[in-house]
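Student: Relevant sequence annotations retrieved from Swiss-Prot are reproduced here:
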| type | residues | note |
| --- | --- | --- |
| COMPBIAS | 546-559 | compositional bias 'Polar residues' |
| CARBOHYD | Asn70 | N-linked glycosylation site |
| CARBOHYD | Asn177 | N-linked glycosylation site |
| CARBOHYD | Asn217 | N-linked glycosylation site |
| CARBOHYD | Asn251 | N-linked glycosylation site |
| CARBOHYD | Asn284 | N-linked glycosylation site |
| CARBOHYD | Asn298 | N-linked glycosylation site |
| CARBOHYD | Asn334 | N-linked glycosylation site |
| CARBOHYD | Asn418 | N-linked glycosylation site |
| CARBOHYD | Asn427 | N-linked glycosylation site |
| CARBOHYD | Asn438 | N-linked glycosylation site |
| CARBOHYD | Asn459 | N-linked glycosylation site |
| CARBOHYD | Asn464 | N-linked glycosylation site |
| MOD_RES | Thr568 | phosphothreonine |
| MOD_RES | Thr737 | phosphothreonine |
| MOD_RES | Thr742 | phosphothreonine |
| REPEAT | 404-427 | repeat 'LRR 1' |
| REPEAT | 428-451 | repeat 'LRR 2' |
| TOPO_DOM | 20-508 | topological domain 'Extracellular' |
| TOPO_DOM | 530-884 | topological domain 'Cytoplasmic' |
| TRANSMEM | 509-529 | transmembrane segment |
Amino acid sequence: MKIHLLLAMIGTFVVIIGAQDQEGFISLDCGLPSDESPYDDSFNGLTFTSDSTFIQTGKIDSVDKDLNINLSKQYLTLRYFPEGKRNCYSLDVKRGTTYLIVVSFVYGNYDGLNRDPNFDIHLGPNKWKRIDLDGEKEGTREEIIHKARSNSLDICLVKTGETLPIISAIEIRPLRNNTYVTQSGSLMMSFRVYLSNSDASIRYADDVHDRIWSPFNGSSHTHITTDLNINNSNAYEIPKNILQTAAIPRNASAPLIITWDPLPINAEVYLYMHFAEIQTLEANETRQFDVILRGNFNHSGFSPTKLKVFTLYTEEPMKCGSEGCYLQLVKTPNSTLPPLINAIEAYSVIEFSQLETSLSDVDAIKNIKNTYKLNKITWQGDPCLPQDLSWESIRCTYVDGSTSPTIISLDLSKSGLNGSIPQILQNFTQLQELDLSNNSLTGPVPIFLANMKTLSLINLSGNNLSGSVPQALLDKEKEGLVLKLEGNPDLCKSSFCNTEKKNKFLLPVIASAASLVIVVVVVALFFVFRKKKASPSNLHAPPSMPVSNPGHNSQSESSFTSKKIRFTYSEVQEMTNNFDKALGEGGFGVVYHGFVNVIEQVAVKLLSQSSSQGYKHFKAEVELLMRVHHINLVSLVGYCDEGEHLALIYEYMPNGDLKQHLSGKHGGFVLSWESRLKIVLDAALGLEYLHTGCVPPMVHRDIKTTNILLDQHLQAKLADFGLSRSFPIGNEKNVSTVVAGTPGYLDPEYYQTNWLTEKSDIYSFGIVLLEIISNRPIIQQSREKPHIVEWVSFMITKGDLRSIMDPNLHQDYDIGSVWKAIELAMSCVSLSSARRPNMSRVVNELKECLISETSRIGEGRDMESKGSMEFSRDIYNEVIPQAR
């Protein structure tokens, strides 16, 4: 059954336009001028906006007004692409969320050439489908159900011949993550029908997910209907008016048969069948039937639930082969009534086997692109893939389709770059060659370049850099790093460069002033020996020593210096609008929301006057954040140190902390197992940096879920460094210190001995792992085993994985990934610190957990609702195709 756009454009839609929520919907009218306001579709009430903010290329036009076709407004305009081979839309989505993605194409002879275009459409780096509009006067649409692998979704139009790619509309709808689950791959729609003799298609607002349902009336069927209300509260949320009609065989003794042809022959298909009993049965009446697919019993003795939907679906895909596909509903001997069915969906599997480029590399290169407005025509879509469409000026390393490519060479020479060398460059984890030559970059050469272990060439020549080159970078040059710095007149490779430059001027001045200096010294000594010895009580503490009062002497300078922005208290009041919006409160004080430079959101942590350790922790945190920089550590924007007023200003993290998400206090959104792994991996990378990337290394001392903050893309960053301490390098790996931390997360060995090592952080991180696994309190006195470590150990001895896991996940996870995470967590919380892994090992094992989860062969199915049931695993080793 070919799905024509005509169904969506001229079919009579049964809709109730009103209070339905379009939250999470993306509805783009491709070609709508950017200065036109969003509008509501007259058929269904969906709000469409211009696509102009989601793509920077292409031109817009309108279909030929003389065409004799009736089109909805969003199909009257289009965007076409005369430049570049690949042009991509970049859309914000949530990683791990399942989406229904619909793209529509109406040529409409916009160019007057009467040449129907053909081209490819890609989803990320993978080809989705060949689009051929030959003979498609009314246009065509393609649907796919796809789980987002990152927080950005690229939909790309790829030119393959002489005609230009076009697009008319893009519609994206979030679905529940426990529906349309596959063993692997995404789902292309084959057909979606409801059994009725109606001629009306149904979509939003009747269908809250905006799935389009076409009526289907088989010649051997008849139909029954009801006006009674149907309970549609299962995960698939089938529209009630669809469930109020059903098909039964014309011959009550015959089976109800539905057939369709496979397309292609070996296509793998998932089938979803929705049933509801809509007739009132008498005491002596029963409706019971067997569900048979391709001659195999799939579910025997099935009886639909009265006025309530029940969904049967294939747990594994099927292949129908050349004979075609057929579904039989066969009345059992005990049944007095014929079988019925209300609606059916069939999807074919499409494997998107090529993983996207490394997410950290993608984030970094897109950040650079946006910051410097690098409008290169090839810089669209995935940077490295497909290989023949990779971005100019970069080179990537490729292993195989199951491994994400990484960027190994970046050439931004002669690109008009200005300002300082961007810190985001350190996100390129495998970068070998960096060319920033012949730009207008200013400021010092940053130390982080020396910490990028894979770099073998750095070309900074032809800029306006200044200051001294970091010694660590010069040391790496001696070890083989190619470092090109020529053409920076104010940059020097020696710490004595400023002295050398001024020698010619200073020497004659010093010579002529020597006698004057001698006279001044003699006079000064005379007065010094006459002066009374100063009383110790009149001496101020040296600048390196803080005074005991948090509101330290205003005549004394602050006990630290910072290159970060120092704000006055009045500026802090202004940025927080006089502290009108509190984000939370901790031991340090209240955290407020604010703005710097009008648009940059910040979080302002204001020291409470009652905080006994406040100034000490304040000083420690500023000094630490002044010298550490990592993508997984919260950045310090600035600070305030004015009399009794102390404040820390951080980057704003709009998604709060991990604890809020686990507890459901942040919008009620349940983090998937994949999302949880990515978050703790981010946190682990930040902690690994503190332990191994800092000089000297640092112990955080307060790792917990409330100190793991999430940005708008759910990227995790460690926060709250007030308790952090450095620890020695070399043989002596611990320091004696007063015990500090949070009960429940605190390392028992550290608590007993007062000896602090990086392994104390490992213990706390293990508790965090157990928290994201189980989503249970760290300490719960009502449990037989109150502490979470004891409780999980007890459950492991029972082999009770299901009781350990967060029930909100509904078993939607890879068992191997989960067990590996539990084993890792338990090794982290070993009572002996010597038996705990280091953070590098933790990072590697979390990566393995994540790989196992993202590539799992089979995923768990939601059985929370009794309105759905999967088919038996051992019936099928083949799958379905397409409808006719």
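Quick reminder: no glycine exception, Cβ is built from N, Cα and C everywhere.
Please situate the listed features within the shown structure.
Tutor: In the three-state DSSP scheme, Asn70 (N-linked glycosylation site) falls into the coil class. Residue density at Asn70 (N-linked glycosylation site): 10 other Cβ atoms are found within 10 A of its Cβ, drawing on all protein chains shown.
Within the same chain, residues at least 6 positions away in sequence whose Cβ sits under 8 Å from that of Asn177 (N-linked glycosylation site) are Gly96, Thr97, Thr98, Lys147, Ser672, Asp812.
Under a cutoff of 8 A between CB atoms, and with a sequence separation of 6+ in the same chain, the neighbours of Asn217 (N-linked glycosylation site) are Leu195, Ser196, Asn197, His223.
Applying an 8 A CB threshold to same-chain residues 6+ apart, the list for Asn251 (N-linked glycosylation site) reads Ser220.
The Cβ of Asn284 (N-linked glycosylation site) lies under 8 Å from the Cβ of Thr336, each of which sits 6+ residues away along the same chain.
Other Cβ atoms within 10 Å of the Cβ of Asn298 (N-linked glycosylation site), summed over all protein chains shown, number 21. Secondary structure at Asn298 (N-linked glycosylation site), as computed by DSSP, is strand.
Asn334 (N-linked glycosylation site) carries neither a helix nor a strand DSSP state and counts as coil.
The secondary structure of Asn418 (N-linked glycosylation site), as reduced to three states from DSSP, is extended strand. Residues within less than 8 Å, Cβ to Cβ, of Asn418 (N-linked glycosylation site) and separated from it by at least 6 positions along the same chain comprise Tyr372, Asn439, Ser440, Leu441, Thr442.
The Cβ of Asn427 (N-linked glycosylation site) lies under 8 Å from the Cβ of Ser360, Asp361, Asp363, Ala364, Ile631, each of which sits 6+ residues away along the same chain.
Long-range C-beta contacts of Asn438 (N-linked glycosylation site), restricted to its own chain and to partners at least six residues apart, with a cutoff below 8 Å, comprise Ser413, Lys414, Ser461, Gly462, Asn463, Gly487. Secondary structure at Asn438 (N-linked glycosylation site), taken from DSSP and collapsed to helix, strand or coil, is coil.
Applying an 8 A CB threshold to same-chain residues 6+ apart, the list for Asn459 (N-linked glycosylation site) reads Ser413, Leu434, Asp435, Leu436, Ser437, Val482, Lys484.
Sequence-distant contacts of Asn464 (N-linked glycosylation site), defined by Cβ-Cβ distance under 8 angstroms and a gap of at least six in the same chain, are Ser440, Leu441, Thr442, Asn488, Pro489, Asp490.
Long-range Cβ neighbours of Thr568 (phosphothreonine) (same chain, at least 6 residues apart, Cβ-Cβ under 8 Å): Cys640, Glu642.
Thr742 (phosphothreonine) carries neither a helix nor a strand DSSP state and counts as coil. Sequence-distant contacts (6 or more apart, same chain, Cβ under 8 Å) of Thr742 (phosphothreonine) comprise Asp702, Lys704, Ser764.
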Student: For the repeat 'LRR 2' (428-451), could you work out the same-chain residues 6 or more beyond its ends whose Cβ comes under 8 Å from its Cβ atoms?
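Tutor: Here the qualifying positions are 358, 360-361, 364, 395, 397, 406-421, 457-470, 472-473, 475-476, 484-485, 487, 491, 629, 693.
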Student: Under DSSP, is Asn251 (N-linked glycosylation site) part of a helix or a strand, or is it coil?
Tutor: coil
Student: What does DSSP assign Asn284 (N-linked glycosylation site), in three states?
Tutor: coil
Student: State the Cα to Cα distance, in Å, between Asn298 (N-linked glycosylation site) and Asn334 (N-linked glycosylation site), rounded to an integer.
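Tutor: So the Cα of Asn334 (N-linked glycosylation site) lies 18 Å away from that of Asn298 (N-linked glycosylation site).
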Student: Have a look around Asn334 (N-linked glycosylation site) and count the other CB atoms within 10 A of its CB, chains all included.
Tutor: 9
Student: Round to a whole number and give the Cα-to-Cα distance in Å for the pair Asn334 (N-linked glycosylation site) and Asn70 (N-linked glycosylation site).
Tutor: 51
